[in-house]
Amino acid sequence: MSKSLPYSMKDVHYDNAKFRQRSFVKVIAQSFVTSNLKRKCISCSTGKFLMLLMIFGLALLLMTHTSSHHSFSDGLAKGTNVSEEITMGGSSRFGRFWRKPPRLPPRLSPDEKGTNNKPSNESLRLNADPIWIERQQKVKESFLHAWSGYKKYAMGYDELMPLSQQGVDGLGGLGATIVDALDTAMIMGANEVVFEAGSWIETHLSDKISKNGQVNLFETTIRVLGGLLSAYHLSGGGQHNNSMYKGPKPIVYLETARKLADRLLVAFTSSPTPIPFSDVVLHGPSAHRAPDGLSSTSEVSTLQLEFNYLSTVSGDPKYSVEAMKVLAHMKNLPKVEGLVPIYISPDSGEFSGENIRLGSRGDSYYEYLIKVWLQQGSSQDSDFTYLHDMYEEALKGVRRLLVQKSIPNGLVFVGELPYGPKGVFRPKMDHLVCFLPGTLALGATKGITKEKAMKDDLLKFEDLENLKLAEDLAKTCFEMYSVTSTGLAPEIAYFHTKEYYEGGLDGGNKGSKFVDDIIIKHADRHNLLRPETVESLFVLYRVTEDPKYREWGWQIFEAFEKFTKVESGGYSSLDDVTLLPSRRRDKMETFFLGETLKYLYLLFGDTSVIPLDKFVFNTEAHPLPIKGT
């Protein structure tokens, strides 16, 4: 407590004491003892008589009050209508006399109030638990350990190979881990990492953009462009204030992002349709189709958040115009109850094949429909309401065509239609599909808590349906972890249904209730440190405030620590999550720092940090502000 404050803890204790309940007997007794009535009245016989009369009346009132109190308690215990009890008590002769005033909340000292915007008591309860403060710190320590390995052995490369202690360029050689990790370091307050990453970006990245070769449009946009734009905003860009971080000024991030985006735009402008080519040669610049001539549906429809925000902060609409052409074009393409195939041709502008899934090549199409709509302010009168309509139609298709339950224990999962709606249903669910619970929850409440949304009558029946599906799917995603020997999920799981079962392919944890529900094939048993499940746990915790999502996240984090941590620095992927010990893969994906650890840190932290009604996270977990907030 600051000694300079005139308002001390003694004052706080005094104020709080004023609001404590005191019995009626104590009030009367104290008043009698401290008044002149004692001295003046007890000296005469009349006074003695009046005193005895008062004591007798007080005892009678006390018995009446006690009886009424017991009947009220008994009514609660027996299920009696409580409103009737209150009405009956209020109609008695002494009911108003005994009615207690509402208890006021305790006052806080100025130091205890802090500088935040008056958080609610519930918010304080959620955020002040020491165990979660400690666990959040553990996540930060893991981030610093991951960064230390990258910095020591791979600085400037895209990724760290933690076992062989060297770097590798697999994403175009733009230092992807550095840019991916930067806003995580900002959110965690890891200022030394912010300085190191920011200094490298200022010194090297612009030159690499000018001289490097081929990159994937999608991966470069979500990781590098998204990371630069998020760093620009979080470091104070566009707000006319000084950055709280050492390193480059925010404008450096914006100028670098714009230089990169100018080269990426060629993927759009070179295509004969609004569907961009998949690859860009940066030093050209020039763009090319994928080897098979097709683009992934998810990749071409997961560029809009980043290009929209760049147009907003740069004042140049060309980025947003090109990116939004893709979704506007897709709006008019034929769909299967809102669901779309996973390939699309940039030459014809049409979907290719019939394969429908929410895993790889399909996932973030559905994610960005709702997020781009939210980013634009989610106004019912905006030009982007078609995105919300497409999203709602797609969810109806998901529930009708893709959602089933496993046997024997009824886990809800999302399967696939590899040959379209008339073909066989495949009970296969990629770990990537575990983005969906978070997206469903976000779309239902628009980022505010379920409690507030219900109080303000903002939830439709479909929203409640989607929230229920989100919670059911989150449970399944968590059980994909707990069913294995390592406590880490496989890349792909299959589910036991009436039509499909393969024995001898369980996760290895015989103690799991769902060991017979989840089937893990040998080729699918690897773990890449993916973020999708913890992402959904983070969103669901923010929306529902249910602490089980934190507990599940902690269990997953402990498994990462136990089985993937490399002592010399960094974390590794695993070859087989069903075996102990599990052989390690020599790779630390950039998204482990950019997404997985960021979402765990936010899951365990203060719910006011990066609020979901003011930010949208791109598909690589880079937060971008919602327009108008």
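Quick reminder: no glycine exception, Cβ is built from N, Cα and C everywhere.
Heads up, TrEMBL stuff is auto-annotated, nobody curated it.
Annotation for Glu219 (active site, proton donor): spatial neighbours Leu171, Gly172, Ala176, criterion Cβ-Cβ under 8 Å with sequence separation of six or more. Taken from TrEMBL, the feature active site, proton donor applies to Glu219 (among others).
Taking a C-beta cut-off of under 8 Å and a sequence gap of six or more, Asp363 (active site) has these contacts in its own chain: Ser298, Asp430, Leu432, Val433, Phe435, Leu436. Feature annotation from TrEMBL assigns active site to Asp363 (among others).
All protein chains included, Glu491 (active site, proton donor) registers 19 other Cβ atoms within 10 Å of its own Cβ. Annotation comment: TrEMBL describes Glu491 (among others) as active site, proton donor.
Around the Cβ of Glu532 (active site), the number of neighbouring Cβ atoms within 10 Å comes to 24. The active site annotation in TrEMBL covers Glu532 (among others).
Sequence-distant neighbours of Thr619 (Ca(2+) binding site) (same chain, six or more apart, CB under 8 Å from its CB) are Ile222, Thr302, Ser364, Glu367, Tyr368, Phe435, listed in sequence order. Among the features that TrEMBL reports, Ca(2+) binding site is placed at Thr619.
Listed in sequence order, the residues of the same chain lying 6 or more apart from Cys477 (disulfide bond) and placing their CB within less than 8 Å of its CB are His431, Cys434, Pro437, Ala489, Glu532, Thr533, Ser536. Feature annotation from TrEMBL assigns disulfide bond to Cys434-Cys477.
The feature region 'Disordered' is assigned by TrEMBL to 93-123.
Sequence annotations record features per position, and here TrEMBL assigns transmembrane segment to 49-66.
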Revision key, fill the gap. Cβ density check for Cys434 (disulfide bond), other Cβ within 10 Å (all protein chains) comes to 29
